[in-house]
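Undergrad: Quick one: structure below, then a few questions.
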Amino acid sequence: MPQVDMILFLILIIGMCVYGQDPASKVVSDRYAVFWNRTNPFYRGDYHIDVCINDYLDIYCPHYIGPVADDRAERYVLYMVNYDGYSSCDHNSKGFKRWECNRPLSPNGPLKFSEKFQLFTPFSLGFEFRPGREYYYICEYLPFGYCHCILWL
């Protein structure tokens, strides 16, 4: 009989572990890829992605394999901003530089930046996210300096 009690106890513990998890502590994560260039349809308007804690966002910068004039290659600076910075397309007041897509002609392929949506980060340059909040990315097109409001998470 003690073996039956032990098996029931183990089933109870496993059930608590599986069903008692907070959604923020999920083991499986989703990964979203965004190709940050003018040919991507998201570039024509606001783009929204619903992410959860432990998900990833991969940003792929513009990259050219064939010959292209250096002044025709797309280059961007990407900023994380609050809603006001997003709606006014202004990174100066409440935003900070997140990434710089500045090597479109690199022989090693496109630059890729990954953002992990986590509650805590061990990295000094990492960013900590909170569930239920919205985060916004805008970009500045170099060398012309005009802003484009693009990504809303």
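Positions of Cβ are set from backbone N, Cα and C atoms, glycine also.
Keep in mind that TrEMBL annotations are predicted by a computer and have not been checked by a curator.
In case it's useful when we look at the structure, here is the feature table from TrEMBL:
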- 1-20: signal peptide (SIGNAL)
- 29-153: domain 'Ephrin RBD' (DOMAIN)
- Cys61-Cys101: disulfide bond (DISULFID)
Undergrad: Mean pLDDT over the domain 'Ephrin RBD' (29-153): what is the value?
TA: 85
Undergrad: Which ones in the same chain are close to Cys101 (disulfide bond), with CB under 8 Å and 6+ residues apart in sequence?
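TA: Set apart from Cys101 (disulfide bond) by at least 6 residues yet with Cβ under 8 Å, we have Trp36, Ile59, Cys61, Pro62, Glu74, Arg75, Tyr76, Val77, Leu78, Leu111.
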Undergrad: How would DSSP class Cys101 (disulfide bond) in three states?
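TA: Once the DSSP labels are grouped into three classes, Cys101 (disulfide bond) ends up as strand.
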Undergrad: Tally the residues of the domain 'Ephrin RBD' (29-153) by DSSP class, grouping H, G and I as helix, E and B as strand, and everything else as coil.
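TA: In the domain 'Ephrin RBD' (29-153), the DSSP-based counts are 13 helix, 45 strand, 67 coil.
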Undergrad: Cys61 (disulfide bond) has how many other Cβ neighbours within 10 Å of its own Cβ?
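TA: Cys61 (disulfide bond): 23 neighbouring Cβ atoms within 10 Å.
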